[in-house]
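What TrEMBL lists as domain 'NLE' is 31-80. The region 'Disordered' annotation in TrEMBL covers 1-25. Annotation source TrEMBL lists repeat 'WD' at 140-181, 182-223, 225-271, 272-321, 414-455, 456-497.
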Amino acid sequence: MATLLPPPKRQKVYHGIPEPEPEPPKLSRNILVRFVSEDDGSALAPAVNLPADVSREGLEVLLNKLTKSDEPVPFSFHVDCPEDAAPGPTRIVISKSIQSDILNHPIHADSFTEEDVFVVRCSPQSVFRVRPATRCSASLSGHSSPILCASFSPTGALLATGSGDATARLWDLNTETPSHTLVGHKGWVLCVEWEARERILATGGHDGHVRLWDPKAGKPLGDALKGHTKWITSLTWEPIHLNPTSPRLASSSKDGTVRVWSTLTRKVEYTLGGHTASVNVVKWGGGGTGGFGLKKGVLYTASSDRTVRVWDADNGRQLHVLKDHAHWVTTLTLNTDFVLRTGPFDHTGKRPVNDEEAQQMALKRYTAVLATSPELLVTGSDDHTLFLWSLFPSSVPTTDTAPSQGKLKPITRLTGHQRQISHVVFSPDGRWAASSSWDSSIRLWEGRTGKFVATLRGHVGAVYRLAWSADGRMLVSASKDATVKIWDLKTYKLKVDLPGHTDEVYCVDFVADKVVSGEEISMLKCESFLLVLDSCLDCAVRWKN
């Protein structure tokens with residue numbers, strides 16, 4: 001018996017009209033693309049002709065082939081907006097393809113044609129990737145007053161918090177449980193700072209005292225360091241690449257002075273007394289690697305006397321006075337902050353076996369950041385503006401450390417905020433700077449030129465603090481509106497909104513694979529970050545404690 005064939009498929013009919021034939025896919029036209037470095041604008045490869053709908057991943061593979069990289073490097077791509085473009089971001093990030101992100105852009109599509117030569121600026125990215133937090137993994141309770149400061153240890157294994165209850169607390173983040181309660185201050189604990197090898201924790205209080213603690217035992221290392229006559233506003237440690245054995249500690253105070261303490265003798269080495277009002281921030285930088293005669297680095301201090309001063313950390317001699325701000329200078333950041341804070345610890349999880357190895361590892365990380373840029377400084381003020389400074393250009397090494405003659409000029413003035421600047425921070429690689437303000441907005445700037453990039457809007461209250469993810473792809477913000485938000489720097493949009501707090505969030509910090517935020521009602525919200533292998537498996541790595 002012969003097999004019967006099934007009847008032909010009945011054609012669909014819509015109101016008596018047959019279904020129209022599907023349109024063939026529209027072929028994408030070819031465009032001319034030139035890849036240039038975001039750092040200096042130099043060409044990375046010859047101009048190539050390729051279809052406009054090539055995906056971002058395809059552009060990354062093509063660039064690695066053209067540059068003949070031994071190991072594939074992840075890149076981010078963007079095209080600068082025309083100068084006469086509408087207000088908004090100054091660049092278009094290529095997240096899908098040139099066709100969908102530029103030629104089909106709802107605003108800038110008319111500014112580009114398929115006949116143009118597309119100058120695609122390329123920026124290398126970290127080889128590891130951080131997955132954004134989506135939930136609260138733990139609420140760490142214990143403090144009985146508002147949490148005023150929080151800081152992760154360089155490896156991310158421990159967390160230190162300071163509170164208005166006159167105590168500091170240590171938390172083990174492997175178990176998310178309290179470790180030790182540090183009792184000794186007679187007033188609010190206003191700042192906590194880890195030594196870059198995680199051996200000592202320093203705290204500063206409203207009582208004007210600085211205390212050192214053993215984080216393993218939770219015990220004080222001797223008596224309080226006394227000398228300031230008013231409360232402590234900021235602490236900073238000497239970088240490990242300059243002094244790996246016994247780094248010194250600098251403290252700034254409301255009394256208008258900065259004191260540099262020896263952790264060996266527990267005495268003041270010298271006092272910086274040039275400011276005439278409260279010193280709000282002190283940072284210990286390296287000053288560059290060009291041989292400036294700065295054997296122990298430099299100290300940067302920002303004050304309510306409207307000045308920023310730069311000091312030789314070896315002997316306390318004043319090098320520069322920066323007087324461009326018109327109001328209190330309340331915040332400053334260095335493009336080397338992240339590597340100075342984490343010292344020899346990086347994403348590979350390798351631990352130094354001795355001081356010499358720690359110094360070499362820390363110096364390697366420090367020089368890597370300065371490979372394309374000198375040590376840069378951004379200062380923020382209550383005059384609603386920021387300034388970008390380059391005081392030690394690495395391309396002009398000199399041994400002359402005499403104070404400069406005349407008025408130092410900043411690279412540029414960063415304007416746009418409508419109220420006081422609350423915080424400014426560089427990204428881990430120094431390519432970006434982010435500033436927050438009492439105007440409820442966050443602004444992104446190019447770290448080397450100070451050029452405005454984009455405004456991040458979403459908070460409905462003052463934004464108090466910012467912190468970058470370790471891969472530099474995300475930004476975390478804490479606000480008066482009782483929320484913590486994670487921003488995607490590819491789209492300049494809100495990525496994750498982390499509710500859970502019920503009052504103002506005063507502090508947020510990020511290092512390794514954790515982000516933590518502290519609020520006024522004394523609860524600590526700890527969000528877990530998971531690290532994901534990059535698409536390049538032989539290059540991808542993950543944090544290890």
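Glycine is treated like the rest: Cβ placed from N, Cα and C.
Only residues 6 or more beyond the boundaries of the region 'Disordered' (1-25), in the same chain, are considered here, and none has a CB under 8 A from a CB of the stretch. Using a Cβ-Cβ cut-off under 8 Å and counting only residues 6 or more beyond its ends in the same chain, the repeat 'WD' (414-455) has close neighbours at 38-39, 88-91, 123, 126, 327, 330-339, 369, 372-373, 376, 378-382, 384-388, 461-468, 470-472, 475, 477, 479, 481, 487, 489, 492. Residue counts for the region 'Disordered' (1-25) under DSSP, split into helix (H, G, I), strand (E, B) and coil, are 0 helix, 4 strand, 21 coil.
Per-residue pLDDT, averaged across the repeat 'WD' (225-271), gives 95. Per DSSP, the repeat 'WD' (182-223) is made up of 0 helix, 20 strand, 22 coil. Helix first, then strand, then coil: DSSP counts for the domain 'NLE' (31-80) stand at 12 helix, 19 strand, 19 coil.
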